[in-house]
Structures are given as C-alpha cells and as structure tokens.
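Novice: In case it helps, TrEMBL gives these features for our protein:
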- Ser28, Gly29, Ser30, Thr31, Asp81, Gly82, Ala83, Asp84, Lys94, Gly95, Gly96, Gly97, Lys121: substrate binding site (BINDING)
- Glu103: active site, proton acceptor (ACT_SITE)
Amino acid sequence: MSQLAMKKMAAEAALAYVKDDSIIGVGSGSTVNCFIEALATIKHKIKGAVAASKASEQLLRKQGIEVFSANDVTELDIYVDGADEINPQKMMIKGGGAALTREKIVAALAKTFICIVDQSKQVDVLGSTFSLPIEVIPMARSQVARQLVGLGGFPIYREGVVTDNGNVILDIANFTILEPMAMEQALNNIAGVVTNGIFALRGADIVIVGTPEGIKTL
Ligand code: 5RP
C-alpha cells in the first residue's frame, strides 16, 4: 500500500471526532490536505475551521469551508494535524512544511490534539529519522545557529524558505532528542528562536496511524 493511501486512511478516520456545529483546528501538510478533502464531505455539519498555514487556509476556502482567525475563537474542540515523527509518548517533531509556529498556536487552542500519520512516522526516539526544524527571526540566524552547535546540533539553513510569519528555518540534523520536554524548553529560551519543532509540552492526545493492515488508534 502506498504512503498516500495510508495518509488518506488516517485522515478519513479523523472525521469520526468532528462534532456537529464545531470549529475545527486544521494543521498543514499532505496528510492534512487529505483531511481537508474528507472534511469537505461533511462541511454542512460544521461551522468552519481555524487554519495553521496559509496553504491550508486556501485549501479550506477552495473546498467551501469557512475559515476563522485564531483570534476569533477562545477554544477549539479538536485540532487535527500530521507529524514528521511521533514517539510512543505521543510527542512529535513537526515543521517539515515550515508551519510549526502557527501549528503550535492552533494546537494550544484545542481541547484534543488528533495526530494523523502513516506508519513511517512512528519512532522510538525523536530525532532518529528527521531533522528538527527551528523557526528563527532572520537577523538572529547566525547567532542562533552558533548556540545550536553549542547544544550539540548541526544546524542547516533551509535556503529559499520564508515562513508564513516572515522568518527563516534552521534544521538540526542528526539530533537525537532523549528528553523532549527539557529540550523544547531549552530551545525556546534562545533569543531569536520563534518556535522549535518539538511538540512535547503539548503532545497529541489521540494518534491515528494508517498501516497496510488498516487504522491503528493510540
Ligand atoms: C508542517 C508539518 C506537517 O504536519 C508535517 O511536516 C507532516 O507532513 P505530511 O503530512 O506531509 O507528511 O508539521 O509544518
């Protein structure tokens, strides 16, 4: 079975958590794109969505789903998003699509974070397969990179990428994260870092994994 088919399966299974008349938090990435397509089939049942990226916002509007600003809502029932890696404690690395900051903001508004992934995203230790993205204020790029080296990382500038917030991305390669909560906090304390891609302090509540054998819900 293809990776896309597994992503679609996970995305469609997330529809079961969508409550009538609710506003849904929607992340970004290819798995979320499948979710937006699936959401369109029940769009008459929901009020709309808050999007975590300009790309998701466009796709939601294209499907005829109303998009609300994060400032318009005090709480979301669910937030549905993909991940680049997820560990057994439901902590994640995100930001492969450079949308990590808005993803963290919308996730923080939600009562329940539903992570939809194909089975290739499951890891025992975060950082084992995917580089850790860090969103950085452009003028602080070199200074932040030096501090990341001090933490044992090997930051690589994601050239040509500007985030929806006008910032740049440094990806830390080969960065094994043994204590995700402590590392998330430590990285947040570096001046010039807007957000880091560790989602441990606020991890997922429900994980829906698409596998060749069907859906697994954790
Ligand atoms: C974007 C993200 C995505 O959720 C993550 O990159 C997973 O993407 P995909 O569903 O395309 O595999 O964090 O910033």
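Easy rule for this one: first residue shown is 1, then count along the chain.
Glycine is treated like the rest: Cβ placed from N, Cα and C.
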Novice: Hey, what's the Cβ neighbour count for Glu103 (active site, proton acceptor) at 10 Å?
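Specialist: By my count, 30.
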Novice: Around Ala83 (substrate binding site), how many other CB atoms lie within 10 A of its CB?
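Specialist: Here the count is 30.
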Novice: Minimum Cβ neighbour count within 10 Å among the binding-site residues Lys94, Gly96, Lys121: which residue?
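Specialist: Sparsest of the binding-site residues Lys94, Gly96, Lys121 by Cβ contacts within 10 Å: Gly96.
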Novice: Would you mind reading off the Cα separation of Lys121 (substrate binding site) from the residue listed as 'active site, proton acceptor', to the nearest angstrom?
Specialist: 18
Novice: Whole number in angstrom, please: the longest C-alpha to C-alpha distance across Ser28, Gly29, Ser30, Thr31, Asp81, Gly82, Ala83, Asp84, Lys94, Gly95, Gly96, Gly97, Lys121 for substrate.
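Specialist: Comparing all Cα pairs, the maximum is 15 Å.
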Novice: List the binding-site residues among Ser28, Ser30, Asp81, Lys94, Gly96 whose C-alpha is within 10 Å of the C-alpha of Glu103 (active site, proton acceptor), in sequence order, or say none.
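Specialist: Candidates kept after distance check: Ser28, Asp81, Lys94.
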Novice: Just going by other Cβ atoms within 10 Å, which of the binding-site residues Ser28, Ser30 has the emptiest spot?
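Specialist: Among the binding-site residues Ser28, Ser30, the sparsest Cβ neighbourhood within 10 Å belongs to Ser30.
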Novice: Give the sequence-ordered set of same-chain residues, not counting Ser28, Gly29, Ser30, Thr31, Asp81, Gly82, Ala83, Asp84, Lys94, Gly95, Gly96, Gly97, Lys121, with Cβ within 8 Å of the centre of the Cβ atoms defining the substrate site.
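Specialist: Here the non-site neighbours turn out to be Gly27, Val32, Ala99.
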Novice: Any same-chain residues 6+ apart from Asp81 (substrate binding site) with CB under 8 Å of its CB? Would you list them in sequence order, or say none?
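Specialist: Looking at Cβ-Cβ distances below 8 Å from Asp81 (substrate binding site), excluding near sequence neighbours, one finds Gly25, Val26, Gly27, Ser28, Gly29, Val32, Ala52, Lys94, Glu103, Ala107, Phe113, Ile114, Cys115, Ile116.
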